[in-house]
Each structure stands twice: as C-alpha cells, then as structure tokens.
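Engineer: These came from TrEMBL, pasted as-is:
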ACT_SITE  His154  active site
ACT_SITE  Glu254  active site
BINDING   Arg62, Gln82, Arg87  substrate binding site
Amino acid sequence: MRTKYLKTLNKNGQLFYQLEHPKFHAEISQFGGQLISFKDESGVEWIWLSSSAKLDGSAPIRGGAPICWPWFGPAQDNSLPQHGYARRLPWQLLDCEGDDERVRIRFSCQLDQAPIDLSNLSLIIEYVLGDDITINLHTENLTEKTLNLSQAIHTYFNISDIYQCKLIGFEQINYEDKLASKSGVHKHPLSISYPVDRVYLDAIEKIEICTDESHFVVSGSGYDSVVLWNPWKEGAEAMGDFDNDGFAHMICVEMANTQGLQVGSHDSHTLTQQIKRI
Ligand SMILES: O=P(O)(O)OC[C@H]1O[C@H](O)[C@H](O)[C@@H](O)[C@@H]1O
C-alpha cells in the first residue's frame, strides 16, 4: 500500500523513495535500503550525507544510516567486504502507510543477490518517521542452525560543529579503542578533537549529542554496544567519498551488536535506533 506522501525518483539509474509529509521530508535509497536525508518541519537536516557519496550503486553510500549486516567491521574472511552486504544490496519496498502524525515504510533486503549464501534469512527494515525517527531492523533466521550475527545501524548525525559537540552518556562505560588497540573508560562527557573509533561495550540507554544548534537524543533496544566514529581530517581526506571538511559536521553514533549475538533457528531479532531532536 502506498500513501500520498510517497514519491519515487530515479537518479544515476538508482531508485530513491522520497517522503513529503507535513512534519518532515525524508529520502531513502533503494540501494542499501538506507535513510539518506531527514528534514524536520523547520527544515533542519538531521542526517549527514557526504556531497561526494557515490549514489550510483557502485559502492556503499557514505552517510545516511547504512546497515551493517550480517557482520559489523572487517569480515573473518578478509576477501569479504567490511560491514557485510546489506548496505551493498538493493532493497524492495514492502509497504508504506501514513497519517497526519507519521509514515511507516518497510523494505526487505534482496539477500538472494548477495555473492554469498544468505538463503533462509530475512532482513526487513522499518522506518517510522514523524516528529522523530525510529529505525527497526528485523532479522529472521529460517534455517535449522543458530545464526551468529554482528550488526549496526551506522547513523551519521548532521551537526553544526564537531568542535562544539558534547557527547553525554558514554561516561563510565568500558570501551575498546580500535585506533589505539586498547580499552578504557572516561568519567566526563566527551568532547572530541581527534579521530575516534570506539566500541562502547554496553547497551547504553540514552546518548545525547549536543551542539549550540542541535540536541539529539539517541536510544533504542536490541543492542549490546554503541559505536562512536569520526575519522577526523586525515581520515576523511584518505577516503575518496568523504568531504574533506565533512568530519567537522558529522558524528556516527551506532547502535550495534558486536559481542556475539545469536539468533536461534526459526527465531528473530530486532535492533532499534530511535532519534529525537529537542
Ligand atoms: O568506511 P566504512 O567501511 O564505511 O566504515 C566506516 C567506519 O565504520 C565503523 O564506525 C567502524 O567502527 C570504523 O572502523 C569504520 O572505519
């Protein structure tokens, strides 16, 4: 079912779903099934997208809210791509319904197009968009074996100035620092002025991303970790699809399962990220 709020657009041979609702405007790419824009009713963009992101299906989209699945980070077999296949596959629209308050839209990942066997798994994403954003990622295991999974909703938040950004919620949580290959914990809200790539090993209930202009509150369910990433200047410059100054306007806060999630045979799991702006 389609609503009056939904339009489709073809660009570079790719399909994009545009939602134009009195409370928000949003765009979702069929490739990767990922949200690439969400503007609230005052026109403020919540989601960062690199202006040099590839939007032609040739590579994962740099920005938005990519889905890392069925693994997060490097694959055990290093011939397979980082962060799995979901962000590299087309997704099929299942349904879309809406009213004056919100729109709910669902897509199914076309796992049969993956170069590895993901048959008898189902991956569905549901966006509920209105005054805020809810992303539900449903994995269903229809095989006879337990599925070992890692995953993340890898949201790039659009912020005015990383130098003014304060992150609240990570205090006292053990983290693994991927850049320094060490673990740690910090006592105070975090301000960053250097590359950060950390996995905080807890289902932190609430993260706040505060700048002078924006205050995002991020929560969810079904995760065991929260990943924090900003490549900083040199890291951004080293990536062909990352605006050189983009690091100053984004921060990734990712609800993730990194500690060995198991989905039993004929069982399912839902990972949720909710984003509010206050
Ligand atoms: O460049 P990508 O494959 O999109 O990954 C971007 C980043 O994703 C996560 O945040 C990881 O923790 C980082 O190690 C990685 O660099």
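Note that Cβ sites are derived from N, Cα and C of the backbone, with glycine treated the same way.
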Engineer: Using a 6 Å cut-off on Cβ distance, which of the binding-site residues Arg62, Gln82, Arg87 come close to any atom of ligand 1?
Structural biologist: Gln82
Engineer: Enumerate the residues of the same chain, Arg62, Gln82, Arg87 excluded, that satisfy the criterion Cβ within 8 A of the mean position of the Cβ atoms of the recorded substrate site; list them in sequence order.
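Structural biologist: Checked against the 8 Å cutoff, the neighbours are Ala59, Pro60, Ile61, Pro66, Cys68, His83, Arg88, His154.
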Engineer: Taking only same-chain residues 6+ apart in sequence, whose CB is under 8 Å from that of Gln82 (substrate binding site), what do you get?
Structural biologist: Gly73, Pro74, Ala75
Engineer: Would you mind listing, in sequence order, the residues at least six apart from His154 (active site) in the same chain with a Cβ closer than 8 Å to its Cβ?
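Structural biologist: Expected: Ala65, Pro66, Ile67, Cys68, His83, Arg87, Val227, Cys252, Glu254.
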Engineer: For substrate, with binders Arg62, Gln82, Arg87, what's the maximum Cα separation in whole Å?
Structural biologist: 13
Engineer: Please state whether DSSP places His154 (active site) in a helix, a strand or coil.
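Structural biologist: DSSP assigns His154 (active site) to coil.
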Engineer: Relative to the Cβ of Arg62 (substrate binding site), which residues of the same chain, six or more apart in sequence, are found under 8 Å away?
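Structural biologist: In sequence order, the residues whose Cβ lies under 8 Å from that of Arg62 (substrate binding site) (at least 6 apart) are Leu49, Ser50, Ser52, Ala53, Lys54, Met239, Asp241, Phe242.
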